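Pulled from Swiss-Prot:
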- 9, 12, 32, 35: Zn(2+) 1 binding site (BINDING)
- 23, 26, 45, 49: Zn(2+) 2 binding site (BINDING)
- 247-262: compositional bias 'Gly residues' (COMPBIAS)
- 367-377: compositional bias 'Gly residues' (COMPBIAS)
- 65-118: domain 'SANT' (DOMAIN)
- 237-291: region 'Disordered' (REGION)
- 343-377: region 'Disordered' (REGION)
């Protein structure tokens, strides 16, 4: 007699107690998986009817060839246990699955089926990528660990620590900035019966205190960055005196200390002094000292390195502006190449020297003229007149010798000439207006020839071939006309 507790397929009468497919529209239609997959139809049942899977929990998930005979209900208990207890806790997992399974069986079954089996090969990749994201902020960011890292203690002696009231282990001072800041929170206490307005007020006090602490730490960092503590203790002056004393030992002479306060720089002046200094600093001008004093309040908004770079860039800007003005002065004087600037500077130096000698001679001439008059009165008219006349002639000759452009400097157009053009006109004994006329005609004819316009040069009659040749050579050397035109 058939077992009443078993279920059979209505098509092939196979035992479907463990797993069967039940039709959702027909009554008492239960098929085995094989008949359902083949599309079996019995009576009013059709293969497109809805269905549901009925699991008795006693069939094997991995098939009859799997070792151990694990049922689907045990597999579900195993997955629930590993999710609850975690991988490796095999004793608790075995107790959760059932008393029939030992911890070793549970471990072997899970490793062989879920890790080394087909399911593990399909789900676990061969190379696991690194999905760990670094959420730490860069150095100096809002959440950077460097913000909470304490600064190293100051390198000062015990006497200096007592003088400053500095506590190196705490990196604090006996008298801090805003010493009364702790009074904001010293009397705060949170009670369970506080109202919302009281809680918000206490939070505001804490926020005010935190801001004061940040300002205190910011000022400490500024003092560290700009070395204000050594400057307060006078160490910078001692270092300057030591470096100055070290700079005196050498052939090149003593070194000079330039600047005041923490911005002072020591400039060694000699071969030995320059070799001892690793990075010699530039001299600080009086103008830059004034700018540093005016901008001292802005030091708190930038590091010392950026502050020094700012003044270095300003110094470079001044140097470039001076160089541009010098080049513009060369161009106004007709110099178009740098190799001509040395000759021009030498001539200018000589000219200034002659002017200086001329002024000295004029002052001497005035004093000697007065002396001659006295001598004439004391020694007689003839002798006085002779002395006075001789002095006047020698003075006129000296003045004519010192004056470089005395022949043309009072003529019209003299101020329109460059220094080289003045020398040229003076050497050719040519008036400035005549030279400017010839220069204009030559440049105009040269431009017309370059544009292909036929032109006939009509130079003035007072210009001979020698003067014309010299002027053409001068204009070509100065870059007014091309060399082939000369």
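Every residue, even glycine, has its Cβ placed from backbone N, Cα and C.
What you are looking at is a predicted structure, and each value in this text was computed from that prediction instead of being measured.
Mapped onto this structure are the features recorded in Swiss-Prot.
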residue: 9; record: Zn(2+) 1 binding site; CB count, 10 Å: 21
residue: 12; record: Zn(2+) 1 binding site; CB count, 10 Å: 13
residue: 23; record: Zn(2+) 2 binding site; CB count, 10 Å: 21
residue: 26; record: Zn(2+) 2 binding site; CB count, 10 Å: 17
residue: 32; record: Zn(2+) 1 binding site; CB count, 10 Å: 22
residue: 35; record: Zn(2+) 1 binding site; CB count, 10 Å: 20
residue: 45; record: Zn(2+) 2 binding site; CB count, 10 Å: 18
residue: 49; record: Zn(2+) 2 binding site; CB count, 10 Å: 13
An 8 Å radius from the center of the 9, 12, 32, 35 Cβ atoms defines the neighbourhood of the Zn(2+) 1 site; name the other residues of that chain inside it, in order.
10, 11, 13, 14, 16, 31, 33, 34, 36, 40
Residue 26 (Zn(2+) 2 binding site) to residue 12 (Zn(2+) 1 binding site): how many Å between their Cα atoms?
18
Which residues, same chain and not among 23, 26, 45, 49, have a CB within 8 angstroms of the centroid of the CB atoms at the recorded Zn(2+) 2 site?
24, 25, 29, 44, 46, 51
Reported as an integer number of Å, what is the Cα distance between residue 12 (Zn(2+) 1 binding site) and residue 49 (Zn(2+) 2 binding site)?
19
What is the average pLDDT across the domain 'SANT' (65-118)?
85
With DSSP as the yardstick, break the domain 'SANT' (65-118) down into helix, strand and coil residue counts.
36 helix, 1 strand, 17 coil
Give me the CA-CA distance between residue 45 (Zn(2+) 2 binding site) and residue 9 (Zn(2+) 1 binding site), in Å, as a whole number.
14
